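> Below you will find the structure I want to go over with you.
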Amino acid sequence: MSTDLLYEYFYPPTDLFKNTFEDVPPSPESLDVGDSLGSSPSYDLGFQPSFDIDFCIWKEGSSSPPPESNHLPEIVNKASTSPRGMPSPLTDSRSCHVCSSPTANTLHFGGRSCKACAAFFRRSVSMSMTYECIGTGDDTNPCRTHYELRMICRHCRFIKCLDAGMRRELVQARKEETRVAKRRSKGLVVSKKEDDDVESSYDEYVNTYTNVQDSSPKMESGINEMTIPESYLSPDPSSSQPLDMTVTPPPLHRSTPSILLTPATGDRMHCQRVLSNSPPFDIHQASTSHAGFIQHVQFYPVVEVENKIFELVDHYVRTEASLNDRRKIMYTDTQIRDVFDTTCECPYENHQLKPFNYKSFCGFVKHDFVMILDYVNQFPEFQALHKNDKNVVYRMACAVDSMLASAYYSYKVGIEKERLILFNGDYINMNPIPISGDEPGAGTEFQTPQEHEKYKTLMPLKLKQYFDLAIPFARLEVSFEEYVLLKALIIWQISNYRLLEEGRAICARQRDTIVQALHKVVEERGDEDPAIRVGQLLLSMSYITEQVQAMTNSYLVMTFFDVVSCDSIMYDLLSFRDD
């Protein structure tokens, strides 16, 4: 790290500092101050501080000779020769040296950066992530990295972090996790040897863009070792253990400031600054929507809580990708070896879509219900719910998935061609807009009255689904991570009012954690104001929930009058019987 940057950070240039080295006649006020200081018995006139450039600190009684006044301008002028194009700290001390954000008020990992770039660098280093340039791929002509851009090249952003002086050895080493099978880009199971290869390749990736080789030893996992429970990373349907979002309390460190939540009168809580290793919140107590109080004070490292949140995001991503893989196998002619190529964000491509046939459409069938059952069984703390609560969450998951998955698939492969893509890969052309079936004389277009009745029951719902859900949702331009978190959040939210008291406590805890994860995902992406983006996603829940309710009412009518021959499980789900 540049010593000039540290010098600028700890000793910013001020007029008072510069005047002490200039030949300016002292003012009467300064003489009075000097006299008062000289008359004080505690003031040592023989004190001459010295500056140790090796450690960038002032020390009394140092063996180094005191600095001379004519050497100071040379030190300051060296700021213009920053390594690898690093921005000069004297140009704009509050500007991020990575994305030029004006919110870089302090140093992060040795370089001046905003919180978003610091979070990006921390996660990249702690997870040993390597990136490929989305632009030309030429490091001499990097992509533009600016905080106002929605999509920033991660490869070029990481290089700029290194150029800004951010050092990987200052990032806390990632704790040892429970060994589980993780799907890689080729569908392989991670082994110990592969982990070593990944670590060595990551070292080569970082050292390619750094001038100094990493010589600091890696931190060994010790008493603050974090373990992820098996029920969280690889949930078992037979398991009844809830998701443990807490971490093992480590010993206190007096030198690390953080925020501690302590109980207060009533249900309110207040924050006080303490010297500990605690995070700004406890996930188990983060919700204020259910009764309870903190019985004891716990101290958790902030980085462990953040890792928990990112692992929760990865868990929901894997769960949704697994559901997409099942649909890809069920509804397309794809080959099995193509399923494991990468994370499946959308199971359908344009050439795999089929025209919608209202005559044979019957909604979810048995294999669809099995897919949703596997999907919802992976939800954290789902196994801790009561049987009736599981029934409610599963039913709501079927309804939400049917509508929201259709909106997301339409956004990915259908909106540009003005198509509504259904959950099973069927599409409906919306240009020209199809008739609803209620127009005068529309019955003459159908062979039988039964076909006309089925069409005018289904098509108005599909038209409303396209114009009131698919189009507004496409305008959000959600990422895959935002989509999977929003979907899980809506399932928990819409199920809340039918759950028992214990189920509502679990639901509130999961909702709060998902909202925190949404904010972290948006913040890491580099949005200028993550709160606004999260607010837009939360506001979309209103029209999504409205469409889910409209679909449920429509299917109730269709099953009651036998307009559509639905699966027997559909009749059972729409009955809402608890026993």
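Just so it is clear, glycine is given a Cβ too, placed from its N, Cα and C backbone atoms.
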> If you check Swiss-Prot, which stretch out of 96-117, 162-183, 316-337, 514-535 is marked zinc finger?
96-117
> If you look at how Swiss-Prot annotates this chain, which of 17-40, 233-256 comes out as region 'Disordered'?
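The range carrying the region 'Disordered' annotation in Swiss-Prot is 233-256.
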> To which of the residue ranges 46-74, 133-161, 278-306 does Swiss-Prot assign the term zinc finger?
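Here Swiss-Prot associates zinc finger with the stretch 133-161.
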> What mean pLDDT score does the domain 'NR LBD' (304-577) have in the model?
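Reported value for the domain 'NR LBD' (304-577) is a mean pLDDT of 93.
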